[in-house]
Amino acid sequence: SSLSVLVLSLSFAYCLSAPVPQDEDSELTPGDLQLAEHYLNRLYSSSSNPVGMLRMKNVNSIETKLKEMQSFFGLEVTGKLNEDTLDIMKQPRCGVPDVGQYNFFPRKLKWPRNNLTYRIVNYTPDLSTSEVDRAIKKALKVWSDVTPLNFTRLRTGTADIMVSFGKKEHGDYYPFDGPDGLLAHAFPPGEKLGGDTHFDDDEMFSTDNKGYNLFVVAAHEFGHALGLDHSRDPGSLMFPVYTYTETSRFVLPDDDVQGIQVLYGPGNRDPHPKHPKTPEKCDPDLSIDAITELRGEKMIFKDRFFWRVHPQMTDAELVLIKSFWPELPNKLDAAYEHPAKDLSYLFRGKKFWALNGYDIVEDYPKKLHELGFPKTLKAIDAAVYNKDTGKTFFFTEDSYWSFDEEARTLDKGFPRLISEDFPGIGEKVDAAYQRNGYLYFFNGALQFEYSIWSQRITRILKTNFVLMC
């Protein structure tokens, strides 16, 4: 068949064989280099391409492929393998290539009709058949909610989207790689394999945050089956790296809505008129939810995300909260660090968590009232620890409390009004942190630099100044 000829031709295609260039400061093992070579050969080389267009001429060098990969993920583009690049390569992900020229098809494809069929060919032993059925149906509904598309299930015969579970070589000349690594792949709209969606049955699929959530993986893959490429937006469902998200309240991100509606247009049954957008760090109107330092690194929280700002970094890195801590909620209210204890505290609603480094401490979350707050208190707006006094200020609405970290009790005489003790910063605080004898209070798009010793505002800055804007 023509597919067999194509696959035979691919066996003679270029394969990475030159050594992978590496950063001199990185301590990489031979296994790391082998992983990187395999990753680039699989996801950034046309020789890995099971279907579509062959590109035998002007095959890019390994250094160029590394640069492409680093650029796609927003890393520092060096063309050399380093720890940050390797960390991305080690994360579980979709098996579809990231860059268009290496993708299954050379141009945008879409289904020529809005009424599509799907069939679940077989099942994973990890879940009951009803759990798989529900996850697949819900994953397709993510896309039909925002488009005119309709999906009808077939029990027999050939459907537009054939859903199956398989291991290693599973019939499409694009084998899976065992546990972790590549979780699934899907083919864009078209005949034969077009639309078909395959899941690696060496993975442990689940309906929660254990293993890999089938709904999350399937919703991503169906994006490919409908014609979408990977997105560079880390908040997008079509970002190639797997991140668990709460499925009960899942709303398709705006980036994905925009992409799918370019292909099929909007629908008229969207239950979520507002779709979450990825924050822009240099937005002049940017406000933040929380800020803290963690072992010298600033962590600035906004919606589902946080920015990492390290003294040695030239730019802020945007990361999903769930990609670091699947156990945490999608949004935080407040955060602060107690450096002497090597602990950071994160707050949401009436609960709070403690971090030692990046690890959540056992026996957390705990309740706010365990710190002495009244049980009627619903949330903390901001928190900041003053290392000179050993006190932590907790801000809520127009008031604040003082907490003695040594005694682990609230100080008497509180709460007090923010406007009386910190005049000029406004009647509420969104976030706060301390640095070099100053408290920094964030209120909407502004931050106020407040001298602890003179007890006055010394500078007013834009909130995005903390993100090097």
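Any Cβ shown, glycine's included, is placed from N, Cα and C.
Ca(2+) 1 binds Asp201, Glu203 as Swiss-Prot records it, and from the list Asp126, Asp133, Asp283, Asp285 the residue named for this site is Asp126. Per Swiss-Prot, the Zn(2+) 2 site holds His220, His224, His230, Met238; the candidate it also names there, chosen from Cys94, Cys282, is Cys94. Among the ranges 84-91, 92-99, 372-379, 452-459, the stretch that Swiss-Prot annotates as motif 'Cysteine switch' is 92-99. Residues Asp289, Asp333 are recorded by Swiss-Prot as Ca(2+) 4 binders, and the candidate that the same record lists for that site, out of Asp196, Asp200, Asp421, Asp430, is Asp430. Between the listed residues Asn122, Asn150, Swiss-Prot assigns N-linked glycosylation site to Asn150, with no corresponding entry for the rest in that record. Matching Asp160, Asp229, Asp233 to the Ca(2+) 2 binding residues that Swiss-Prot gives (Gly194, Asp196) identifies Asp160. In terms of Cα distance, the recorded positions that sit within 10 Å of Asp289 (Ca(2+) 4 binding site) are Ala335, chosen from Glu221, Ala335, Ala383. There are 22 other Cβ atoms within 10 Å of the Cβ belonging to Asp289 (Ca(2+) 4 binding site). In sequence order, Ala290, Thr292, Phe301, Ala334, Tyr336, Tyr345, Leu346, Phe347, Ala382, Val384, Ala431, Ala432, Tyr433 are the same-chain residues whose CB sits within 8 A of the CB centroid of Ile291, Ala335, Ala383, the residues recorded for Ca(2+) 5 being left out. Around Glu221 (active site), the C-beta neighbours below 8 angstroms that are at least 6 residues distant in the chain are Cys94, Ala184, His185, Ala186, Thr197, Phe199.
Note on Ala383 (Ca(2+) 5 binding site): other Cβ atoms within 10 Å of its Cβ, all shown chains, come to 29. Applying DSSP to the repeat 'Hemopexin 2' (329-375) sorts its residues as follows: 7 helix, 21 strand, 19 coil.
The repeat 'Hemopexin 3' (377-425): residue composition by secondary structure is 4 helix, 21 strand, 24 coil, according to DSSP.
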